[in-house]
Amino acid sequence: MKPLEATNRYFRQAVKILGIDSKLERSLLIPFREIKVECTIPKDDGTLQSFVGFRVQHDNSRGPMKGGIRYHPEADPDEVNALAQLMTWKTAVANLPYGGAKGGIGCNPRDLSIHELERLTRIFIQKIHNVIGIHTDVPAPDMGTNAQTMAWILDEYSKFHGYSPAIVTGKPLDLGGSVGREAATGRGVVYVTEALLADHGKSISNQTFVIQGFGNVGQHTAQLLFEAKGRVKAVSDITGAVKNDSGLDIPALMKHAQENGGVKGFKLGDPIDPSSILMEDCDVLIPAALGGVLNGENANNVKARFIIEAGNHPIEPQADEIFAKKGIIVLPDILANSGGVTVSYFEWVQNKQGFMWDEEKVNMELQRYITNAYNSVKESCKTHNCSLRMGAFTLGVERVARATVLRGWEA
C-alpha cells in the first residue's frame, strides 16, 4: 500500500471515530497549496539543465507549515502529499504551533557538484521565496539535503526579505542552528520508548533491542540505548547486518560504520542476513529505515514485544492488524519520531527570540514535550478505546479540526 493510501486510511478512521462531517473532512484532507516550478541551472561544463522543484503545503490552521526539502531523483507526488499530511498530524500530536508541508527537487544530488547544488538551491528559493516565510512555511533538511543546503536557503531568502534565520531549521550552528538538533529524532525515540516501557513495568536497562537502519536516527537511538544500559543485539543498514546476543559495542560499531561506510565486516559481531533482522527475537524492534518493511507477508514472523516506528511508515496496515491480534504493541511514527520536528520548533523559537539555549535545556524541553505527547495519546486511546496509532491520529486530527472550526474555515 502506498504511503498516501495508508495515511488517508488512518485519517478516515480518525474522522469516523470523531464523528466529523464530510465538509470538514474534505477541508482537513485537501492541501492548502501545491507548488511546482522549473529550475534551470548552468552546469559546471557550461550546459544548461532543468529540474522540477515542488512544495506541498498541507495545512496552516494551527500555525506556519513545517516540513523537509528532499533532493531525490524519484520524487513521487503521492508520497510527498502523504508526508506533508503526516507532518500536519505529527505537529498536532506533539502540540507544536505548526501545520504540515513537504517538498524538494527531482534530482540525484550525487550527480551534481557542490557548486551545481548551490545554484539549484538558490534558483529554487528564487521561485518560491514569496510562498514560504517565518510565519508561513518553514523548511528543514530531508533526504539528500543537509545543514549546508539550509544555509544556502537562508542566504537566498534573506536577499529578498532581510536576514531571516528563522526561515529554515536544521541550519549550521554558526547561522543560528540549535544544539541537540542532530540527535533529536533518535533522542525522542529513546524518551518515548522509556515512557512506553515504564507503563508496562519495564526499563531500557533490562530489555533487548534490534534496530533496522543505522543512519542518523538509528545511530543516535542505538548510542543512547547503549548509554542507558539497553542491550542492542542486532543492527542492519544497506551494507549488511551484524548480531551479538550479549549486546553490540555501539561506540565501536559507529566508528566502524564511519570508517567503512556501513556495518558490514564489524568484527565484534556475527554477520546475519539483513532481510532476517526484523524477525530477530527481541523485546523491542525499532525500524528506522525505509517505509513498508513490515507487511502482511512477514508480520506473523515478528517476535518482538514492542515495535517503535523510528522511520516513516515502516508498518503496512495489514501488518498493523496482525500485530494487534498477536498483542504486539506498536508506537506509531507520528509520535515516535517527532523529536526532530520538536527540536526544529525549539530552533525556530530561539531564532525568533534571538536568544540561544544550551543543550541541557534543549534535551530537557524535548523530554517534556515527548512525554506530554505520549500521555495525551494514551488519554486519547482510553477515550476512544483504540490502539496507540489510532489514538495518535485521532488526537492530531481532533486538534487540527478544532483549530479549523475556530478559524471559520470548515465551510
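Each Cβ is built from the backbone N, Cα and C atoms, and glycine gets one as well.
In the shown protein chains, 29 other C-beta atoms lie within 10 A of the C-beta of K102 (active site, proton donor). Residues or ranges marked as active site, proton donor by TrEMBL: K102.
Remark: K66 (substrate binding site) has M87, T91, L96, Y98, G99, G100, A101, D137, V138, A140, V341, S344, Y345 as non-local neighbours, by Cβ distance under 8 Å and separation of at least 6 in sequence. What TrEMBL records for K66, K90, S344 is substrate binding site.
When Cβ atoms from all protein chains are considered, those within 10 Å of N216 (NAD(+) binding site) total 16, not counting its own. Taken from TrEMBL, the feature NAD(+) binding site applies to T185, N216.
Using a 10 Å Cβ-Cβ cutoff, D142 (site 'Important for catalysis') registers 19 neighbours. Taken from TrEMBL, the feature site 'Important for catalysis' covers D142.
For the substrate site, whose annotated binding residues are K66, K90, S344, the maximal Cα to Cα separation is 13 Å. In sequence order, G100, D333, I334, L335, S338, V341, G396 constitute the residues six or more apart from K90 (substrate binding site) in its chain with CB-CB distances below 8 Å. Distance from the CA of D142 (site 'Important for catalysis') to the CA of N216 (NAD(+) binding site) is 11 Å. A separation of roughly 13 Å, to the nearest angstrom, links the Cα atoms of T185 (NAD(+) binding site) and D142 (site 'Important for catalysis'). Taking the centre of the Cβ atoms of K66, K90, S344 as the substrate site, the nearby residues of that chain (Cβ within 8 Å, site residues left out) are G67, M87, T91, A94, L96, Y98, G100, A140, S338, G340, V341, T342, Y345. Residue density at T185 (NAD(+) binding site): 25 other Cβ atoms are found within 10 A of its Cβ, drawing on all protein chains shown.
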